[in-house]
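Annotated features in Swiss-Prot:
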- G43, K44, P45, G46, I47, G48, K49, T50: ATP binding site (BINDING)
- 408-433: compositional bias 'Basic and acidic residues' (COMPBIAS)
- 441-457: compositional bias 'Basic and acidic residues' (COMPBIAS)
- 471-481: compositional bias 'Polar residues' (COMPBIAS)
- 408-481: region 'Disordered' (REGION)
Amino acid sequence: MEWAEKYRPEHLADIVGNTSAVRQMADWAKTWTARSKPLLLYGKPGIGKTSSVYALARDMNWDVIELNASDQRTAAVIERIAGAGSTTASLTGSARKLIIMDEADNLQGTADRGGAKAILECIKNARQPIVLIANDLYGLAAELRLRCEPVQFRALPARSIAPRLKYICSSEKIACSESAVHEIAESAEGDMRSAVNMLYASAIGRQSLDGKNVHTSQKDERVSIFSLVTAVFGKTSDEELIRLSRDVDEFPEDIEQWVEGSVHTITDPAGLGLAYRSLSRADEYIGYTYRRQYHTLWRYATAVMLLGVADASAGKGIHSRILPPERWQKMSVAKKQKAIRAAVLSRLAATMQLPQATLREKYMDIITLLVDLDPETFARELALDADGLNFFLNDKSRAQEILKSLAKVEREKEPEPKKKGRKKAESPAKDADPAPAVDPVPKEELPVKSAPEERPADPPAPEEPGRKTVAHNQSTLFDGF
Ligand SMILES: Nc1ncnc2c1ncn2[C@@H]1O[C@H](COP(=O)(O)OP(=O)(O)OP(=O)(O)O)[C@@H](O)[C@H]1O
């Protein structure tokens, strides 16, 4: 078991740092009644929010029900678990069930169909304690936020992280130098999970650890778009802005819309002009990127927009709430494009076992080139549909042609239909391709012996044959990449 899990704190007393947040949670639990507000824990990843909730439940002897997957957060499920009828004691005899909703700032969108509304309703009528967990307090709908008691978790100082790392080393019987612990604690930037993961990567299999064995590359921190936008309008150095933009998990055009959404806070007309000029220049780069499939320009687009707007705002800060770009709701076409890109990237990321941000930053151009050279293999291995293939080729009719010919090859590979006269149709295997549900005309019944080239023409290819292509095979696609 990796150490981050092995050393997850079991009781509130084991949680490092955030003492006032922990105290607030304990007080809430001890005095909880059906009229209490739910808790809303928020703060950056890896600082103990989830661990604290489980520790609280253990300390209180409460059962836990975690509603994580978005498909669990439908109105019906939430009502059944937390609604007025949920007062019964659990199997273990515990009178309370603590309901945990992680990623509460991810409720918007189709995945949590009815979830946000259901949570709101459920919070009004709940008969069980509820804790919501989020990274961004302002990622939650205002109505939901106001109905909760916020508990802020802060990034941990290196001086709090270091003793925990030493404790883990001593439990694992690893002699660990001060300098190694110090280096890891510093480079974790407040994220305990990251620190423990770095320690694990550096120390596993060793009996002693010193500064030169330390791997800090484990750290793969994601920066929220809110932090990035705040930094753009605040007093942030150019280098820091570029670094943040690399760590944020958003496409340049999405970053552009977020930044544009807050540009109105620049009151000086000259500054405003400069900000819009930078945004429109970035827009040109982004458009060019998609037209030419030249992804290196993404980097320029981001730099031009962030540094330009930062210059224009002169570090005066944002004096209103940062809101998601309004245009998103209206731009269904852009949304579709976004979904296609996200799907393609997530398949690539899974196949190459790389974070999506790294893929976007470093490998998109080379992958586009490779796809152009051998689109059939990529389409087949990544199970791309026409839109997905077109993402790389930027040529819809070529993408469709390729998928048609792949579908034809697949059809030709399909086994011969069963001979006439079989007694009873065998029931198809559960995962079998349902295509031959109706038997085609058996060969023997064809009117004349036809030469292969006189065979009746193939039926037209289905509209999106790529969807039926075989599942991707991680081992072959990037061999030698
Ligand atoms: N305050 C802490 N004290 C001790 N261990 C911690 C603390 N914070 C994090 N950890 C370590 O990091 C791991 C992950 O922590 P946890 O899941 O609680 O973070 P989180 O804030 O909920 O992150 P996320 O927002 O990504 O879910 C834990 O299993 C534990 O090993």
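Glycine too: its Cβ is placed from the backbone N, Cα and C atoms.
Compute the center of the Cβ atoms of G43, K44, P45, G46, I47, G48, K49, T50, which mark the site for ATP; besides them, the chain residues with Cβ within 8 Å of that center are N135, F153, D191, M192, R193. Following the DSSP three-state reduction, the secondary structure of I47 (ATP binding site) is coil. Summarising the environment of K49 (ATP binding site), the number of other Cβ atoms within 10 Å of its Cβ, over all protein chains shown, is 23. In this structure, P45 is the one among the binding-site residues K44, P45, G46, T50 with the smallest number of other Cβ atoms inside 10 Å of its Cβ. Around the Cβ of G43 (ATP binding site), a 10 Å sphere holds 21 further Cβ atoms from the protein chains shown.
Taking all protein chains in view, 23 other C-beta atoms sit within 10 angstroms of the C-beta of G48 (ATP binding site). Sequence-distant neighbours of I47 (ATP binding site) (same chain, 6+ apart, CB under 8 A from its CB) are G17, N18, F153, R154, A155, L156, G190, D191, M192, R193.
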